[in-house]
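Participant: As annotated by TrEMBL, domain 'PTS EIIC type-3' applies to B:9-424. According to TrEMBL, the feature transmembrane segment maps to B:32-50, B:70-88, B:95-115, B:146-168, B:189-211, B:231-256, B:263-284, B:296-318, B:353-374, B:394-422.
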Amino acid sequence: MRVLMVCSGGMSSAIVVKALKQEAEKQGLEMEIKAVGTSEFSEEVGRDYNYALVAPQVKHRYNEYKKAADQANVPCEMIPPRGYTPIGAPSLIKQIKEGAK
Amino acid sequence: MMEKFLQWLEEKFMPPMARLAEQRHLRAVRDGVISTLPLIIIGSFFIIIAQPPIPFLAELVAPYVGDIMIPYRLTVGLMSVYAAYGMGYSLAKSYSLDGVSGGVLSLATFLMMNIPLNVDGIMEEAAGAGIEGAEAMGWVLPMGNLGGAGMFTAILSMVVAVEVLRFMKKKKITLTMPEQVPESVARSFEALFPAGVVIILTWVVRVMLGLDVNAMLMSVFAPLVDLSGNNYFGVMLPVLLITLLWAAGIHGVSVIGSVMRPAWLIMLDANVAAVADGASMSYGDGGVPYIAPEPFYQWLVWVGGSGATLALALLLVVSKSTYLKQVGKFSLVPGIFNINEPMIFGAPIVMNPILGIPFIIAPVVTTTISYFAVQLGIVNGFTVMAPWTLPAPIGAWMATGGSIAAVILVLINIAIALVIYYPFFKVYEKKMIAEEQADTATV
C-alpha cells in the first residue's frame, strides 16, 4: 500500500511518517509512506498512491489537494489534529486501513 | 471568553486570511519566491566569509572581498531574475499551461523592464587615463533592479506575461503546429504570439514611452516595506497574524509568508548590499537599513517554532501529567530544530483556551525586546539567511554575521518565554492531571 502525506514544507510530516512506519511494521503491514510539501503534492499524487493524507495545519488548502487527488483517483482525507503526532500513529493507521482503496 | 475568541478566530478570522493566501497569483508568488531560497541561503553566506566575525580572519580576507562577494551578487543580487522565472512557471502551472513557457515569458517581460547600456566610450576614456582593468565590454545590464529592488517588477511581469499567455491560448490566438510535430516543440511555438505581445508591450512602455516601471512600483511599495521592516507596529503585525492563525490551527507562516516574503527578501538584500558596500552590521546610519527581514523573526522570535514554543517543550518534559510529559518527550528534539507541529497538535495548543494565550503573548514580548535590541544596535542586524531548521542560537549567530549578543538575546528570549508560559502551563497541567486521575479512578 502506498500512502502520500502533505504538509506545508514536508518537515513536520516527516516526523509523523516515521512514527507511522514504525507502527505499520509493528502491525505487520506492508506500507510505503511518503511526505511532501505543498508545491509537490499535485504532481506526486499522480504516482500510483492508494491514499492521501492532509496535515491539519494546511486544512485551508484541502480543497486544492482534494481536486488533485480526485484527478488521480486517490482517496484524500484530513488528518485529525490529535492524529498528527507521533503517538497518534495507531489511530492514523486505522484511518489509512479504512480509507485506502 | 477565550473560547469565544478562538471560535471567532476559526470561523471569522481564518477563512478570509486563508483565501487570500490561496489566491492564485499570491500562490505563484509564494512558490516562485520559495524556489529562490536555496540560492539566497547559499549566496548570503558569502557575507560571513567576506566579513568574518574574527578580526584576524577579517584582515586576512580583506583584499579579496570583491571576489568573495561575487557568488552573493549573482544569487541574492539577481533574486528577482530567478523569482520572475519561478513565479511565471508556478502561475502557468496553476492554469495547467506549460510551466517553462510561462517562466520564460515572465523572465523576458521582467528583463525588458531594464535597459542595457553600452559604456565602451567611457571605458576607453578611462583606459586612456591609465585606469587599470578598464576596457570595452560591449553591452551591459545594470544589476541595480535585478535583486530585491526589482521584486515588485518581477511580480507584475509574471502576472502580465502569464495572463497574456492564458488569454491568447483561450482565444486560440496561437500558432498551431501540424500533428506530426512533437508535443514539446509544438508547445514552444504556442508561446510565440504571446511572446510577441509581451515584448512589444514592454518595449513600448519602457523604451518608447520611457516609463520607469520599477521606479514607479518602488515609490508605491517602498513605504510599505519600510513600515514592515522598521516600524514597531509593522514588525509586530505579522507576529500577531501568524500566532492567531496557528491558534486556529493553520500554518501561520505559510499563509502570512505568501504576502510578506517578497518584502522580507527586499530587506535582506538591502542589508547584505549595505554591508558589502562597507556598512557596519548593526542597524542605523552607516549600518544595515532594515531591522526585520525574515531571519529576525526566525531566530529571535520563533525559537522552537511559531509561538516561541521551545520554552513550552522544556516545561512539558518535566510535567507531572503523564500525557503532557509524553508530548514533551516527542516535542523537545523537533523543537530544538524549530519544528513544533507535533506539540501544537499534541498538547494541543490549537483551539486551546489556556495554552493559546501564552502562545500569542510570548512572541509579542520577545518581538518587542528583539526589535529594540536591534534598533539600538545592541544586536547586529540580519544579513544572512540561514536554514530555518538550525537550533536558534546557532542560526542567530550565523544570520547576524557572528553576533554573540544575538546568541545571548536568544537565550534571554527563551527564558522570557519560559516565564510567560509557566503559569498557563501550570493551570493546564492541573487540569490534565485531574482528568488523568478521573480516568484511572473509573478504570
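Using the three backbone atoms N, Cα and C, a Cβ is placed for every residue, glycine included.
Any TrEMBL annotation is an automated prediction that lacks curation.
I would like each feature placed in context: is it buried or exposed, what are its neighbours, and how far apart are things?
Facilitator: Sequence-distant contacts of the transmembrane segment (B:32-50) (same chain, at least 6 residues past either end, Cβ-Cβ under 8 Å): 61, 65, 68-69, 71-72, 74-77, 79, 82-91, 158, 261-262, 265, 268, 272, 275-276, 383-387, 398, 401-402.
Long-range contacts of the transmembrane segment (B:70-88) within its own chain (CB-CB distance under 8 A, at least 6 residues past either end) are made by residues 28-29, 31-36, 39-40, 42-44, 46-47, 50, 102-107, 109-111, 143, 145-151, 153-155, 157-158, 161-162, 262, 265, 268-269, 272-273, 276.
Through the fold, the transmembrane segment (B:95-115) approaches residues 24, 80-81, 84-89, 141-142, 145-146, 150, 153-154, 157-158, 160-162, 164-166, 169, 187-188, 190-191, 194-195, 198-199, 202-203, 206-207, 213-214 of its own chain, all at least 6 residues removed from its boundaries and within a Cβ separation under 8 Å.
Cβ atoms under 8 Å from those of the transmembrane segment (B:146-168) belong to residues 25, 28-29, 32, 76-81, 83-84, 87-88, 91-92, 95, 97, 101-102, 105-110, 113-114, 174, 191, 193-194, 197-198, 201-202, 213-214, 217-218, 220-221, 262, 265-270, 273 of the same chain, restricted to positions at least 6 beyond its ends.
Outside the transmembrane segment (B:231-256), and at least 6 residues removed from its termini, the chain residues within Cβ reach (under 8 Å) are 6, 9-10, 13-14, 17-18, 20-21, 30, 291-292, 296-297, 301-302, 306-307, 344, 349-351, 356, 359-360, 363-364, 367-368, 371.
Among residues of the same chain six or more beyond the transmembrane segment (B:296-318), those with a C-beta under 8 A of the stretch's C-beta atoms are 235, 238-239, 242-243, 246, 252-253, 324-325, 327-329, 331-332, 335-336, 338-341, 343-344, 347, 349, 355, 358-360, 362-363, 366-367, 370, 373-374, 379, 382, 386, 388, 392, 395-396, 399-400, 406, 409-410, 413-414, 417-418, 420-422, 425.
Below 8 angstroms of C-beta separation, residues 2-3, 6, 232, 235-236, 239-240, 243-244, 246-247, 282-283, 291-292, 296-297, 300-303, 306-309, 311-312, 347, 380-381, 405, 409, 412-413, 416-417, 420-421, 424-425, 427-428, 431 of the same chain, each at least six residues beyond the ends of the transmembrane segment (B:353-374), sit close to that stretch.
Within its own chain, the transmembrane segment (B:394-422) has Cβ neighbours under 8 Å at 45, 47-48, 51-54, 275, 281, 295, 298-301, 303-304, 308, 310-312, 314-315, 355, 358, 361-362, 365-366, 369-370, 373, 378-388, counting only residues six or more beyond its boundaries.
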Participant: Calculate the per-residue pLDDT averaged over the domain 'PTS EIIC type-3' (B:9-424) and state the result as an integer.
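Facilitator: Taking every residue of the domain 'PTS EIIC type-3' (B:9-424) together, the mean pLDDT is 92.
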